[in-house]
Structures are given as structure tokens and as C-alpha cells.
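Participant: Per Swiss-Prot, the features are:
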- ARG38, GLN39, ALA40, GLY41, ARG42, ASP87, TYR162, SER217, HIS331: substrate binding site (BINDING)
- ASP87: site 'Transition state stabilizer' (SITE)
Amino acid sequence: MSANQSPAGQPPTATYDSAFLKACRREPVPHTPVWFMRQAGRSLPEYLKVREGIPMLESCMRPELVAEITLQPVRRHGVDAAVYFSDIVVPLKAIGIDLDIKPGVGPVIAEPIRTRADLARLRDLTPEDVAYVTEAFGLLTRELGATPLIGFAGAPFTLASYLVEGGPSRNHEHTKALMYGDPQLWADLLDRLAGITAAFLKVQIEAGASAVQLFDSWVGALSPADYRRSVLPASRKVFEAVSGYGVPRIHFGVGTGELLGLLGEAGADVVGVDWRVPLDEAARRVGPGKALQGNLDPAVLFAGREAVETKTREVLDAATGLEGHVFNLGHGVLPTTDPDALTRLVEYVHTQTTR
């Protein structure tokens, strides 16, 4: 089923006619919808208050806290969609991988996965493993009403990079050594991770997600040839696994200007674009039949109001001929961003694009 169809035999949900979902389906919209990656996070004082003293992973497993954090930017900024508060390594933790999220570092894996014997530690994910996700989605969908809720997961390549490297990496040397040195083990690893990721997304969709985004944070480290050969099959498996639900599927990675066409080819309905490629050029690279999401440089929000509006206007102008456009930043909200600048940005985009 394509993103242009409501689920078979079911009436459209309360969110179906929202500007966000219409844009994802490449339908006419009353205004360009806006949401921000990492909109629920450290840029908000109310987030810092409720998270105080609570480790990141623990906060992702408390349904009422997750719901409150997810709702905060919707209340404050008036964004067109909420995005579920979690972390891409949550499903790995849920299946028993010994990991922690260290402040200022990111996910750290106690025992990296680098051999075939290590693969046995990656068991299947079940809904029972992440019951707190289902509970949080229930709380959120009741509270959000007609506002769409975006679910998300980490893409197989990025999860593999964390598992193989043992944490964040600048050069991904262990990851690439495995990918080039033992292609079969690499393929089996990504296939296993694709199954885990698909299961995690299915839990979110069945609990009420209106759309899902697959984050491939590190895949910009690869050439197009390496992506096509070593990553595309696993990402495609994820998208195919959730294709029957009728919810839009978004794909985003940082530094993926040379991979945009392949991100769409993997099965996305919407391709996220970082700030390095103008949206009109991105549309040429992606090809027809896809909506685009993006792509204001997050650092622009540290400039004055006039500069922000000028750069935003450039993004909107580049999006004029797109089949569908969801306004977003070209990456996540930076932690020290002034939240008032985000609120003004939402208002500006809405005002400038009202049909």
C-alpha cells in the first residue's frame, strides 16, 4: 500500500487530513507543515527540568515522562507533528545488548559485535520487549488528537556502526573493515538489524504512529557504490516490512547529498535532505514520486531574526516546485538553540506559505 492510501477497510484517522500527512502524500496543503528533528530535547527549559537526574535510557522507558517530553514542543512551538521521544539504541537495549548513553559521548557498547559468534546476541525484538513504547503511544495519541505522531528508528547501517565500533566514530574504521573484509558476515549483521528495526517500527505504527522516520545518521560516510551494495538491501527490507500499514515512510541521513536517490530507492515516501544540497537540486537527484523534507541549516537559528527569515525564504523558494514539502532543519535542533527562535520559525513558515 502506498502512502497515498488510508489503511484498507479502515476509516481515515483523526490525523489523516493534517497538513503534515497531506504533504507526505504529495497532496495540496493549507500551509507548509513544520516539525524539527530533536524538537523534544535540550533546547527546551521544560525538558531539562523534567529530565533532571534521570539517565537518558531510563527516561525513554517511562511512558508518562516520554509523553510529556514529546508534547512539550507541540505546546510551545505549534509544530505540525510530534515526534516520539526515544533514542535509536532503545531496541538494542531492549533485546539485551549491554549499552549506555553517556552524556557528551553518546551510545557506548560494552562488548562490540565483530564476529559471527557475536551475532547470536542479536535476538529478535518482540512487542513485549518494548511494552513501555506501546503505553506511551497510547497516552500520546489520546492527547494529540488531530496532530500526527511520528515514530522512528535507527537504520541498520547506523545501528551496525555503533555495535561494531563500540560507540560513536569519526572514521568508522572497524565498521568498514567488517563491511569490506567479510561481506557475508556484514550482510547477515545488517539483515538481523533490519528485522529488529522493522519490528520496532511495527510496534509504533500499531500503537498509533501516523508516520515513521528511519534515521541513518552515519551513512553519509559511504560512497554510492558501497551504499547500493552493502546497505540498500537492509534498508529496503525495513521499508518493505512496514509498507502495508499505509503510513508515510521518511528516510534521513546526514551528509547524504550523493545518496539521495538511493535513500528514495530504498522505499521511502519522503526523503530528508540536510542543509548541504538545495531542495530543488535534491528533487532532481531523488527523482519523481517522492516528497522532500528539510532543510534549513540548524546553525542559522543562532543568527539574527532577519538572517533566519532570509535563509528560510531561500529554502521555501527552492521548494516551490516540489511534489510535496515538509519543512524541517537539515539536522537536529542544536542543544543551545533559543526556543523562541524555533517558535518564530514555525510562525514564519506558516505565514509565508498559507495558501
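Glycine residues also receive a Cβ, built from the backbone N, Cα and C atoms like all the rest.
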Participant: Is it possible to get the count of other C-beta atoms within 10 angstroms of the C-beta of ALA40 (substrate binding site)?
Facilitator: 24
Participant: Ten-angstrom check, please: count other Cβ atoms within 10 Å of the Cβ of ASP87 (site 'Transition state stabilizer'), all chains counted.
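Facilitator: So the number of other Cβ atoms within 10 Å of ASP87 (site 'Transition state stabilizer') is 17.
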Participant: Within 10 Å of the Cβ of HIS331 (substrate binding site), how many other Cβ atoms can be counted across all chains shown?
Facilitator: 23
Participant: Identify which of the binding-site residues ARG38, ARG42 has its Cβ surrounded by the largest number of other Cβ atoms within 10 Å, counting every protein chain shown.
Facilitator: ARG38
Participant: With DSSP assignments reduced to helix, strand and coil, which class does TYR162 (substrate binding site) get?
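Facilitator: In three-state terms, TYR162 (substrate binding site) counts as helix.
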Participant: Return one of helix, strand or coil for ARG42 (substrate binding site), based on DSSP.
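Facilitator: In the DSSP reduction, ARG42 (substrate binding site) maps to coil.
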Participant: Looking at Cβ-Cβ distances, which residues of the chain lie under 8 angstroms from TYR162 (substrate binding site) while being 6 or more apart from it?
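Facilitator: Non-local contacts for TYR162 (substrate binding site): VAL89, LEU92, LEU99, PRO107, ILE109, PRO168.
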Participant: Please find which two of ARG38, GLN39, ALA40, GLY41, ARG42, ASP87, TYR162, SER217, HIS331 have the most distant C-alpha atoms, given that the record lists them as binding substrate, and give only that distance in angstrom, rounded to a whole number.
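Facilitator: Between the most distant Cα atoms of the substrate site, 23 Å.
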